[in-house]
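What follows is a set of notes on a single structure, which appears directly below.
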């Protein structure tokens, strides 16, 4: 029987309330804490950023996932790239990514960020932000709905929970 994302949290809460304590591996606790305390930094470049703002509004309530939008890359661990990435903007994207705290994740939002979108054949457009930074989750759509973004964030939370240990690339640590 497979459990959904929220059923796992419910089972965890039941175990703590029944026993008063929890037996687990440190990797599971760290993964759970990281997944439920994402601090995203927005990199809104086009119309997808409007949908991202809508997802952060009270109707969708992204705060329930433990997310707190941060204005600085040094305070964030998730970058949401939303919109058309141009060749002139690509070095800035990489610079901001390099300034983020480790561990860090990237969510690519919309057709333009995923693969160039409508402007794919333009000389000035990067054909996907994954050519500049490593991307963990792709959210399709033009523009993607707020529900699609929230689903992508839930997929990222599942991925973070599966990550174990403190294995970091030496190039990521400053």
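Here the Cβ of each residue, glycine as well, is placed from N, Cα and C on the backbone.
Annotation comment: Swiss-Prot describes 47, 48, 112, 142 as [4Fe-4S] cluster binding site.
Around residue 142 ([4Fe-4S] cluster binding site), the same-chain residues six or more apart in sequence whose CB sits under 8 Å from its CB are 110, 111, 112, 117, 118, listed in sequence order.
For the recorded [4Fe-4S] cluster site, residues 47, 48, 112, 142 set the reference point as the centre of their Cβ atoms, and the other residues of that chain within 8 Å of it by Cβ are 46, 51, 82, 83, 84, 109, 110, 111, 113, 117, 141, 143, 144. Less than 8 angstroms from the CB of residue 48 ([4Fe-4S] cluster binding site) sit 82, 83, 109, 110, 112, 113, 143, 144, each of them six or more residues away in the same chain. Listed in sequence order, 83, 110, 143 are the same-chain residues at least 6 apart in sequence whose CB falls under 8 Å from the CB of residue 47 ([4Fe-4S] cluster binding site).
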